[in-house]
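Encoded as structure tokens, the structure appears first; notes follow it.
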Amino acid sequence: MMSATVLVLNCGSSSIKYQLIDAHDARVLARGLMERIGEETGHVRHESTEGVVQQDPQLPDHESALKTMLGTLEEHGPRLSDAGVVAVGHRVVHGGERFSAPVRVDDDVERTIDELSALAPLHNPPNLAGIRVARQVLPDLPHVAVFDTAFHQTLPPVAYTYALDREVAAQNHVRRYGFHGTSVAYVTKEASRFLERDPARTNLIILHLGNGASATAVRGGKSADTSMGLTPLEGLVMGTRSGDLDPGILFHLRREAGWSVDELDDLLNRRSGLLGLCGVNDMREVQRLALEGDADARLARDVYCYRIRQYVGAYLAVLGETHAVVFTGGVGENDAWVRSHSIAGMRQLGIEIDHVRNASRGERPRHISPDGAATAVLVVPTNEELEIARQSVALVT
Ligand SMILES: Nc1ncnc2c1ncn2[C@@H]1O[C@H](COP(=O)(O)OP(=O)(O)O)[C@@H](O)[C@H]1O
Ligand SMILES: CC(=O)OP(=O)(O)O
Ligand SMILES: [Mg+2]
């Protein structure tokens, strides 16, 4: 059988995550993280069958980071040529209205991703930087862009339309796009398989709780509503992003306190969420502070869970019949406290938690609701890299 190994790249503003992964059998040949790009010293962690390598080289920009990554693969294995890589799969956050499926990257696709940067300022610029460099250093391989927005192209008009002046909205492409779609697509298939249901007949509420966080209502295997909007700022409380708020707050800060648009953008995207509420953006740190009795951390985690609860209630109403509520992402997969506080007391709505099951850990999909509950509650580990690899292979072969 032909090789199906893909080099998957997820380029963030100061980090690059990579995996060399077999799209057919999900085997990971190597994975790594390059952090602190642009700082005085960077950090590389590379894991393969040969073991773990950690280094602190200088990584002044994405170009040097990707070259260091290729050097690490050459030196510590597996070499790309030996691994039989058939494609490079790139995570791209915003695909706008143009992309509802993965595409082979060419100069024209690059231009569009660049134009969409204004709508995903934390994500598209580093995604694009990674694509540009990777196409230079790996010119002989096909490069595939897989978009976070693609899965949400099935949203109905009632879910994607903001109640704005319709001409202003149309001229400026203002609508809900939704994000985390690659993760939600993967989790939809995994959860349906776990429930032994046909995805086309399965309704789910998927809570992707990572650095960014979102809720999605899936009807018949397709996205029916989602909490992120024109940009990945709307919806749930996140590590550094506010999620939902009254837009009037922006006018107030602009008029009464003289904030500029860039300052407001920075406030909402980088200095709000958990970080704004209690000084740390990592949920493990929030929990540690809360356990020590820190009142800000306690309120931060309560606000975080309360917002999730509001969306679960909203999407139960949107779907009418829900087969499962599914937790995924770093927080969703690991934080039993967040899971139980987000959905406790919903027995009347068919949702219950079994606390022993909720406290257990595992790498595989699992129930955390009691047997016989009307709506299952599941933890399903996401795997965006595998989904990107599968979609890339499907496109190039
Ligand atoms: N054991 C844990 N308990 C609580 N939160 C955790 C745990 N492990 C990871 N997290 C949280 O997961 C978040 C990162 O999620 P992840 O999905 O890995 O992020 P990314 O969006 O970068 O892919 C961080 O807030 C981190 O604190
Ligand atoms: C779109 C988004 O929020 O992604 P992440 O969670 O990786 O920041
Ligand atoms: Mg993520």
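For all residues, glycine too, the Cβ spot is worked out from N, Cα and C.
Note: TrEMBL annotation is automatic and uncurated.
Here is what TrEMBL says about this protein:
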type	residues	note
BINDING	Asn10, Glu384	Mg(2+) binding site
BINDING	Lys17, His208, Leu209, Gly210, Asn211, Gly212, Asp282, Met283, Arg284, Gly330, Val331, Gly332, Glu333, Asn334	ATP binding site
BINDING	Arg91	substrate binding site
ACT_SITE	Asp148	active site, proton donor/acceptor
SITE	His180	site 'Transition state stabilizer'
SITE	Arg241	site 'Transition state stabilizer'
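Location within the structure of each feature annotated in TrEMBL.
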{"residue": "Asn10", "record": "Mg(2+) binding site", "DSSP (3 states)": "strand"}
{"residue": "Lys17", "record": "ATP binding site", "DSSP (3 states)": "strand"}
{"residue": "Arg91", "record": "substrate binding site", "DSSP (3 states)": "strand"}
{"residue": "Leu209", "record": "ATP binding site", "DSSP (3 states)": "strand"}
{"residue": "Arg241", "record": "site 'Transition state stabilizer'", "DSSP (3 states)": "coil"}
{"residue": "Asp282", "record": "ATP binding site", "DSSP (3 states)": "coil"}
{"residue": "Val331", "record": "ATP binding site", "DSSP (3 states)": "helix"}
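Relative to Asn10 (Mg(2+) binding site), the recorded positions with Cα atoms inside 10 Å are Lys17, Arg91, the candidates having been Lys17, Arg91, Asp148, Asp282, Arg284, Glu333. Cβ neighbour count within 10 Å across all protein chains ranks His180 highest among the recorded positions Lys17, Arg91, His180, Arg241, Arg284. Filtering Lys17, Asp148, Arg284 by Cβ distance to ligand 1 (under 6 A) retains the following recorded positions: Arg284. Arg241 (site 'Transition state stabilizer') and Asn211 (ATP binding site) have their C-alpha atoms 9 Å apart, to the nearest angstrom. Counting only same-chain residues at least 6 apart in sequence, those with a Cβ under 8 Å from the Cβ of Asn211 (ATP binding site) are Met238, Gly239, Thr240, Asn281, Gly330. Candidate recorded positions: Lys17, Asp148, Leu209, Asn211, Val331, Glu384. Those with a Cβ under 6 Å from ligand 2, in sequence order, are Asp148, Asn211.
Fewest other C-beta atoms within 10 angstroms, among the recorded positions Asp148, Glu333, Glu384, are seen around Glu333. Taking every pair among Lys17, His208, Leu209, Gly210, Asn211, Gly212, Asp282, Met283, Arg284, Gly330, Val331, Gly332, Glu333, Asn334, the residues recorded as binding ATP, the greatest CA to CA distance is 21 Å. Counting in whole angstrom, Arg284 (ATP binding site) lies 26 from Asp148 (active site, proton donor/acceptor) by their C-alpha atoms. Glu333 (ATP binding site) sits 14 Å from Glu384 (Mg(2+) binding site), taking the C-alpha atoms as the reference points. Classification of Glu384 (Mg(2+) binding site) by DSSP places it within a helix.
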